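Asker: Checked TrEMBL, it gives:
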REPEAT    57-98  repeat 'WD'
REPEAT    142-184  repeat 'WD'
REPEAT    185-227  repeat 'WD'
REPEAT    228-269  repeat 'WD'
REPEAT    314-346  repeat 'WD'
Amino acid sequence: MATSVQQAITLAKEDSNRLKDQIKKIREETDDAKLGDFQSSLKYPTATTNFKTRKVLTGHGSKIYSAAWSSDSTRLVSASQDGRLVIWEPYTETKVQMISLTSCWVMCVGYSGSGNLVGSGGLDNVCTLHSTRQEGRVVRELNAHTGYLSCCKFIGTGDDRVLTSSGDMSCIVWDVDQGRPIEKFTAHTGDVMSVCISPTSQDTFVSASVDCTSRVWDIRSGKCVQIFQGHEGDINTVDFLPNGMGFATGSDDSSIRLFDLRANRHLVTYVDESLRTGVTSTCFSHSGRYLFASYDDGGVIVWDTIGARSLQNLVGHENRVSSLSISPNGHALCTASWDKTLRIWA
């Protein structure tokens, strides 16, 4: 009996792979143009950049793993393995608040839309929510993951829902008031490293995993609605285009891929042949014209989203850049690094 079941599974996998190959072949036959080829026919001028370091935020005593902006772009929270969260006024380089954590092995941080809460998590497997209005008091501990937390994002403009991803191969949407999961998303076959909520729909998010796939999920149904493949290494980061029609993924294979939800396919790859280091974080500019990417070697590259060419190297960090984030008003880029500093670029 067991043998016949195994044979049926093997045949099903072979049929699935055969169908995938057929779909791939059809797509390649109809792929008669590339995104970059259209740049010359567009009315937009050729992209140019002159980003500079405007502020350097110092004060952490160990590697900074993550940073996130407040919704009004006036404050920034950073998470470091010195066991503290720091809330900054980045434009004045002022530390507004320091929050001590019960575990120093923090890997991610998020800022609620209202500004009342910050969430963090890491190797303790718990998403801990702190009040920014009550001296960092712990208001909730969200505990259901069985692996480390890799990412936490607040959903919408309030404090009531949080999305987390984990090394247990799952994502969870939480009810903050009740402190319990609303929905658990399981389909990845490896650690989920990053999630991003659609800027145009609070019911859609995309996840990226070390299984070399990214998946688009419908929060209402709890189901995966699209799967994207192509990377040859762990996917560490994912970020939606501002219009919500596509997203970029960054991988240990040193490349970034842009996927289109409508076409259900890969559009373009951003790769510097001289680099042999993994992509740690990605984010788009407010307009989507620029794609920022950070790398294991401490480099940050500004890419032309349409032309798929490198425009500028942002030089300054002395160690791995772990996190990138664009301010919601689009005026500044924050880079967080293992060199214990954050830099504000504009």
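Cβ coordinates are placed from backbone N, Cα and C, and glycine is handled just like the others.
Note that the structure is predicted; figures quoted are calculated from it, not measured.
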Asker: Cβ pairs under 8 Å with the repeat 'WD' (314-346): which stretch of 57-98, 142-184, 185-227, 228-269 has the most?
Answerer: 57-98
Asker: When the repeat 'WD' (142-184) is classified with DSSP, how many of its residues are helical, how many are strand and how many are coil?
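Answerer: Across the repeat 'WD' (142-184), DSSP assigns the residues as follows: 0 helix, 24 strand, 19 coil.
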Asker: Counting only residues 6 or more past its boundaries, what in the same chain has a CB within less than 8 Å of a CB in the repeat 'WD' (185-227)?
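Answerer: Contacts with the repeat 'WD' (185-227): 147, 150-151, 153, 155-156, 163-173, 233-240, 242-244, 247, 249, 251, 259, 261, 264.
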Asker: Which sequence-distant residues neighbour the repeat 'WD' (142-184)? Criterion: at least 6 residues beyond either end, Cβ under 8 Å.
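Answerer: Long-range Cβ neighbours of the repeat 'WD' (142-184): 71, 107-114, 116-117, 119-129, 190-197, 202, 205, 207, 209, 217, 219, 222.
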